[in-house]
Amino acid sequence: MGFLMDGLDPEEYDRAYTDRQLVARIVRYFRPQARKMAIVAGATVLASLVDTAVPILIARSLDRLQANPVLSSLAGLAALISLLSATSWVFNATRRWLSTEAVADVVLHMREDAFDAVTARDLSFYDQFPSGKIVSRVNSDTQAFSQVITLSMDLLGQILLIILLISYLSFVSLRLTLILLGLAPLIVVAALAFRAMARRTITASRRVNATVSSHIQETISGIGVAKTFRRERAIYEEFLPVNEQSFQVTRRTRFVFSSIFPVLNMLAGIATALLVYFGGLTVQAGALTAGGWFLFIQGLQMFWFPLTSIASFWSQFQIGLAAGERVFALIDAEARVVQTGAEVIEQPRGDILFEDVGFTYKQPAGDELTGADRELPTANWVLRAFNLHISPGETLALVGHTGSGKSSIGKLIARFYEFQEGRILIDGHDIRALDLGAYRARLGIVTQTPFLFDGTVMENIRYGRPDASDAEVEQVARHVGGGDWIMSLPRGLATEAGERGANLSMGQRQIVALARVLLQDPAIVILDEATASIDPLTETLIQEGLDEVLAGRTAIVIAHRLSTVRTADRIVVLRQGEIIEQGDHEMLLARGGHYAELYNTYFRHQSLEYIEGVAAL
Ligand SMILES: Nc1ncnc2c1ncn2[C@@H]1O[C@H](COP(=O)(O)OP(=O)(O)OP(=O)(O)O)[C@@H](O)[C@H]1O
């Protein structure tokens, strides 16, 4: 499809399932619905039987009335048809209601599984795949899948109807039935011709929709930055080609789909003409009654509708299967962080040891780096043969230029990413053998820009330990920074934080994040300090909060503030993933090496002496 598919490549975790695998997977979801589905099957058979019976009844009555036109039998026929129609409605309604319920239930579970899989993914997964695309899989793809399952159930009913009708018609006139059947391959060929085209356009259409959603989502989340840099026009212009591509793909999809029906209708017209002609000849020859002829023409409509439906269903079926495939691929995406055990450290002391650790972000999913891969260009390794021991209770400040690997060390301790070489030991236990849930429960992480959820401040703090009582949350909140900060909130801890904490100041957000960690009472704290400068009052407040959080715990601080490096037990200076110096502030400063240089270019500006010096000028 050339340019239509440009830039719409499958995701790295997409995979092709065989039809058998797909069906097995779908059947597994339907297993709990077995009872409902059995009733649906029964109702489908009964509805098809009744629906076939009506035209047969009319045809036979026609012949009888022709021979003996009595008013009472006409009234009886009308009553019987009404009764059969009502019965058909009951069966069809039962079938639809129950199947809708069953499908809704299946989609519910599928969405749960997809969402569960998404939340379980490692952070590296989110680096690679924008949230918009993931949202589209969990949301629209499951929806498309449910539609196709409902359609397939209708299809089964239709097929049954065709079988019953054809069987009956073959008794009435074998010759005419064969003509009817002889035309069926034409429809099937037309349907198959559309099939491949439909599947391709549908896949393109899904991908392009995901791309558009993801583009909009990314733009909206970064709109603040865009406005600051007056980039509104530029992002609008970036949106245009994405939208244009979406338009082209959608147009193409609509074109393919709208071509199906006219072609099928034309074929139906030819078939009707043939049957009318040959049916008339048969009646003339006395081999068919008028009722039989009527039944054939009526039957043709009944036969044609399901057959064209099957043909159009087929492409719909492709849509649903492609969507199902995408959801399953999301559920099955391989974890990169692989745990080999589930050890629980009862009382973690917070002893951390990196032993010859090698780490790169460039590892392909699910693969170990072997042989030639080990010779990745040096530039791709973030850490190589990296050794570091952090003692229990130690506050370690990591410093170094941007990109030197500070955050990566924090991410490895948090086990957010898989490393490729060496070992990381926590209290002597291999980090790979730990029960991640239990381990992370004792790990406190404060990110640079603390993320608060839409909810009250109290709820945000409780996020650290959902079972904490109001009193416990309040006690922790009062502990951080002396608790004065709560007064500055309009409704105290009941203040709504707003989306991403928008209603709170940066400093307040930091404090809430610290309180959240404090409530969790972690053994190890990873703190990524904000680089943005803050006013001295907030700085003092945060420092007090930090003192609480760091006291008695092992802390790894990606340090950006002078007060932190000054008070840290040890400073580790990194350059391109290597430790080039370590020691305390005074010692490193006296040494006049890389740290001293960093201090002079970065940290010194934050010192009181420097600020006073500038003020005095
Ligand atoms: N998610 C990622 N995917 C691929 N490469 C990454 C990712 N995160 C970081 N890197 C790369 O890894 C290297 C180390 O990055 P890291 O974030 O650890 O540095 P840092 O010292 O914390 O930098 P900063 O002070 O700017 O946060 C950099 O070259 C960076 O480009």
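Cβ atoms are placed via backbone N, Cα and C, with glycine included.
Automated prediction, rather than curation, is the source of TrEMBL annotations.
Here's what TrEMBL has on this protein:
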| type | residues | note |
| --- | --- | --- |
| DOMAIN | 38-318 | domain 'ABC transmembrane type-1' |
| TRANSMEM | 38-58 | transmembrane segment |
| TRANSMEM | 70-91 | transmembrane segment |
| TRANSMEM | 155-172 | transmembrane segment |
| TRANSMEM | 178-198 | transmembrane segment |
| TRANSMEM | 255-279 | transmembrane segment |
| TRANSMEM | 285-307 | transmembrane segment |
| DOMAIN | 352-601 | domain 'ABC transporter' |
When counting Cβ pairs under 8 Å to the transmembrane segment (155-172), the leader among 38-58, 70-91, 255-279, 285-307: 285-307
Stretch of maximal Cβ-Cβ contact with the transmembrane segment (255-279) [cut-off: under 8 Å; candidates 38-58, 70-91, 285-307]: 285-307
Beyond the flanks of the transmembrane segment (70-91) by at least 6 residues, Cβ under 8 Å: 43-44, 46-47, 50-51, 53-54, 57-58, 61, 64
